[in-house]
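Below: the structure, in structure tokens.
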Amino acid sequence: MSLSKVKHIVLVLSGKGGVGKSSVTTQLALSLSLAGHSVGVLDVDLTGPSIPRMFGIEDAKVTQAPGGWLPITVHEADRSAGVASLRVMSLGFLLPRRGDAVVWRGPKKTAMVRQFLSDVFWDELDYLLVDTPPGTSDEHISLAETLLQKARPGQLAGAVVVTTPQAVATADVRKELNFCAKTGIRVLGVIENMSGFVCPNCSQCTNIFMSGGGEVMAKDFNVRFLGRVPIDPQFLVLIETGKSPRYPAGTSINGQDISSPTDAPAEGDETRDSALLVHKYRSCSLAPIFSTITADVVANVA
Ligand SMILES: Nc1ncnc2c1ncn2[C@@H]1O[C@H](COP(=O)(O)OP(=O)(O)OP(=O)(O)O)[C@@H](O)[C@H]1O
Ligand code: SF4
């Protein structure tokens, strides 16, 4: 069975599309591997698998071994740097045309999710993060059922729930929390993404949307609040194009100087190389926030 060498499985859920669930999955995976935990990402978001693009491995071709489909390596472990390996498997790799899965009907989606969980060969992993489709759809129910059947007792560590601060998003996420309660999936915590905008010029944080909705919801459901992640336009550039985040001289966030080093590669000199992603990620303003959130999740799982 493909999950037998995986220590902990963590689902990343959101009740609503576009709240940053895949971005959060990507950043949690990078933070975990930088903290020395080997990590795999399984992208079962059939509504539009975006994980390969975010890791810069869109054109990768998966191969089949006797044990199953082999995930794509984003980076190998570097013990001297305290970095563990990061591998990714996405439905996107298996689709002949992008967008194919979006038009599939329930039973076909369900069958695909089941096959996906059984047929990918994961080697030793500390964490497997599962990026799920938004909502409480057929895929969710199938995923929850399959995982609960296939996982060893305690292997499914729980779910990280992503929301944005606005009331509408949190109302959808409430459904997701109810879904976890019904299916017996433990909630590891709630992340409020896009919580304010940190201006790169003066580092002021402006709450464009309402702030604090995620924290209120976490309290209501008596689950952990893992923290707020602000909007950083440079993060969007990193995640969508693979380009290094650039901050003007003197930029600081939470009192920390994050201005880009003067020897950063010139614009246009950058390749979309997944092996470089980890270095680029380290220079993003959101990296320290995700590393705190990751440490909290790890402590909660252990
Ligand atoms: N904190 C942030 N700062 C800046 N941009 C962000 C942030 N979080 C997410 N984004 C951007 O918002 C867009 C939507 O994010 P993402 O694709 O992760 O959402 P999602 O919830 O996974 O969406 P889907 O429902 O399509 O799966 C992406 O372009 C992403 O780069
Ligand atoms: S947050 Fe500060 S630098 Fe940014 S636009 Fe407003 S006043 Fe100007």
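Numbers here mean position along the shown chain, with the first residue as 1.
Quick reminder: no glycine exception, Cβ is built from N, Cα and C everywhere.
Summarising the annotation, TrEMBL assigns ATP binding site to GLY15, LYS16, GLY17, GLY18, VAL19, GLY20, LYS21, SER22. Annotated [4Fe-4S] cluster binding site per TrEMBL: CYS199, CYS202, in sequence order. Summarising the annotation, TrEMBL assigns region 'Disordered' to 249-269. Annotated compositional bias 'Polar residues' per TrEMBL: 251-262, in sequence order.
Location within the structure of each feature annotated in TrEMBL.
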residue	record	CB count, 10 Å
GLY15	ATP binding site	24
LYS16	ATP binding site	20
GLY17	ATP binding site	14
GLY18	ATP binding site	11
VAL19	ATP binding site	26
GLY20	ATP binding site	22
LYS21	ATP binding site	26
SER22	ATP binding site	26
CYS199	[4Fe-4S] cluster binding site	13
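DSSP classifies GLY17 (ATP binding site) as coil under the three-state reduction. For ligand 1, there are no nearby binding-site residues; that is, of GLY15, LYS16, CYS199, none has a C-beta under 6 Å from one of its atoms. The CA atom of SER22 (ATP binding site) is located 23 Å away from the CA atom of CYS199 ([4Fe-4S] cluster binding site). The distance from the Cα of LYS21 (ATP binding site) to the Cα of CYS199 ([4Fe-4S] cluster binding site) comes to 23 Å.
Each residue contributes its Cα atom, and for CYS199 ([4Fe-4S] cluster binding site) and GLY17 (ATP binding site) those atoms are 25 Å apart.
Close contacts with ligand 2, defined as a Cβ under 6 Å from any of its atoms, occur at CYS199 among the binding-site residues GLY15, GLY18, GLY20, CYS199. Mapped onto three states, the DSSP output places SER22 (ATP binding site) in helix.
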